[in-house]
Amino acid sequence: MPFTSLHDIFEQTLPLWREALEGKTFCVRVKRRGKHEFTSIEVERYVGGGLNQHIETARVKLTDPDVTVNLEIENDRLLLVKGRYEGIGGFPIGTQEDVLSLISGGFDSGVSSYMLMRRGCRVHYCFFNLGGAAHEIGVRQVAHYLWNRFGSSHRVRFVAINFEPVVGEILEKVDDGQMGVVLKRMMVRAASKVAERYGVQALVTGEALGQVSSQTLTNLRLIDNVSDTLILRPLISHDKEHIIDLAREIGTEDFARTMPEYCGRDLQEPDREGGEGED
């Protein structure tokens, strides 16, 4: 809001802060940008003195007060700051290149998507459907929640791929110990084609080193080798408890807990060290 003088600044501050300062100690802190006939300290003294005179039960205390009255002055505009709220940090969406998240609706993929959004990437979603229409609806809800809360300033894509025929073929043709790794390779191969189609620079997965047997270094290398597309794994060094804590913090925990686990359904646990082969 505009102001005309030091006294005008005080008069605009008093009604906003009167109730909050009653019976409390306080100080005034000013941030100022631009050229003025007064300094920031002069504003603090003038406004603080006026508040002290007009609010009988308030008392000035410059060190560790109950309330800090924050004012920001930029040229001829005054901003009365009643509260400050911590943001998510990182970079604004769109300051980095786009990425494509392989989302399943569980703890890991939701958190990994959020972490790339926090770093300034517009996150698109690629969903491999192994559980029918109900599964897709649930995963779409997770993706929409993440977009709506953290990235709604930019439009994103949600690409759903029916992967049940692929799972059926793997069950018929692949040795038990290699099924999980082969499934992941096929997902990465398909996601890479989607990324190429839309000009996306990298894939994002929720894999964490050693969390399951398909996520050993050897098996992750085998998965990576199926495509030249960069694969980002922001959770690679996180344990499951920390990932769940992050999901709770960003609001995806309830989605993940109620989401059926379809990824690799009916597939045997993979060997901890897979072998090269055709798929």
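Numbers run from 1 along the shown chain.
Cβ coordinates come from backbone N, Cα and C, glycine included.
Going by what TrEMBL states, the ATP site holds Leu102, Ile103, Lys184, Gly206, and the candidate of Gln53, Gln215 recorded there is Gln215. Residues Leu102, Ile103, Lys184, Gly206, Gln215, recorded as binding ATP, reach a greatest CA to CA spacing of 17 Å. Mapped onto DSSP helix, strand and coil, the domain 'THUMP' (1-84) counts 31 helix, 25 strand, 28 coil.
Non-local neighbourhood of Lys184 (ATP binding site): Ser214, Asn219, Ile223, each in the same chain, at least six residues away, with C-beta under 8 Å from its C-beta. Other C-beta atoms found within 10 angstroms of the C-beta of Gln215 (ATP binding site) number 22, with every protein chain shown included. For the domain 'THUMP' (1-84), the model's pLDDT averages out at 95.
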